[in-house]
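What Swiss-Prot says about this protein:
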MOD_RES   Met1  N-acetylmethionine
MOD_RES   Ser15  phosphoserine
MOD_RES   Ser30  phosphoserine
MOD_RES   Ser90  phosphoserine
MOD_RES   Ser93  phosphoserine
MOD_RES   Ser96  phosphoserine
MOD_RES   Thr119  phosphothreonine
REGION    245-450  region 'Evolutionary conserved domain (ECD)'
REGION    425-450  region 'Required for membrane-association'
MOTIF     108-127  motif 'BH3'
Amino acid sequence: MEGSKTSNNSTMQVSFVCQRCSQPLKLDTSFKILDRVTIQELTAPLLTTAQAKPGETQEEETNSGEEPFIETPRQDGVSRRFIPPARMMSTESANSFTLIGEASDGGTMENLSRRLKVTGDLFDIMSGQTDVDHPLCEECTDTLLDQLDTQLNVTENECQNYKRCLEILEQMNEDDSEQLQMELKELALEEERLIQELEDVEKNRKIVAENLEKVQAEAERLDQEEAQYQREYSEFKRQQLELDDELKSVENQMRYAQTQLDKLKKTNVFNATFHIWHSGQFGTINNFRLGRLPSVPVEWNEINAAWGQTVLLLHALANKMGLKFQRYRLVPYGNHSYLESLTDKSKELPLYCSGGLRFFWDNKFDHAMVAFLDCVQQFKEEVEKGETRFCLPYRMDVEKGKIEDTGGSGGSYSIKTQFNSEEQWTKALKFMLTNLKWGLAWVSSQFYNK
């Protein structure tokens, strides 16, 4: 509801809208002069058969202004009933709506508000008594009436069909009735028979249902067992594959280990660890040159490393034979190896040197080389105790510290550096390494199987 007010004329214009299309409406002029009787007629409830009481008299119906409920009995047992239409506003008033203008006497705002409230309440009451919301515009009302006419036609057609069926039933004679009674009895017997069959079928259905439940339960149990067996089979298959892989891996490792074992059995540890050879005029051990020449000044670090390998070789051969050297003890210590005097524990004979002027005046290095030559001589004598035919290619004179070339020039070469040339010292060291190589070969041949 919309409203507007003009201060000059003190006029309130109020518009209602259609409850279907929401278009503004103009009320009929009759709404301006609504009295109490007219409002009661518009708001009176619709009369239905459910509202009519059995004890109401014709006089009460007449006084109430409602048309009576008419029932016309007939001899054929069929009652004709006529239900009068509900009393409502005329078509003209139903199609005319919504505007409350100014009061005829120029009433106050209270009068206008009261009229608006009365009109609004009137529409609310009318909407509450039917399935249609009020107010409606003329077009929506026409549409609604068309729909109601269609429903009325459908209802009248149904009524005509019922009447025709009733007339057909009334025209049936007695014979048809007896025949129908017989057919009815036969159908009743057939019904009993079918009911009995249905009961039997129902019993069988219950039995089959119980059996089906048992079979389904058994099938479900078997499915679960099958799934469990499948999982176990898959797990065992996985374990088998893993074990097969492990077995193949172990077999490969065994073959590799056997190959390595066969290779190691054929490998001489001493020959593999200590490779003694020569490089020109130098004797070498593990590619370290032992000695130096004026034309080839070998670094002392390399010479010291060669002496360390030589000490380690003799120490390993002695341990293999169980030989304990007299007078000296070998101490392999890399390029700082030395010999320890057994008669004087505090005396160490270094088998390494840094060169320089001190090298010419310090005779500890020479004493250490002579002591080492003494240990080689003890090793030779120990071997000759068990093998009389054993003989080294170069004879050693420990007291003089020299090595003799018995199979060659017949000369002797000093292992000392003082008062000796580098050529002779280098040749003496080369002969000493050759003797150690022979000793290495003998130990390898004697202790190879062990």
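Placement of Cβ uses the backbone N, Cα and C atoms for every residue, glycine included.
With helix defined as DSSP H, G or I and strand as E or B, the region 'Required for membrane-association' (425-450) counts 23 helix, 0 strand, 3 coil. Cα of Thr119 (phosphothreonine) to Cα of Ser30 (phosphoserine): a span of 11 Å. According to DSSP, the secondary structure content of the motif 'BH3' (108-127) in residues is 19 helix, 0 strand, 1 coil.
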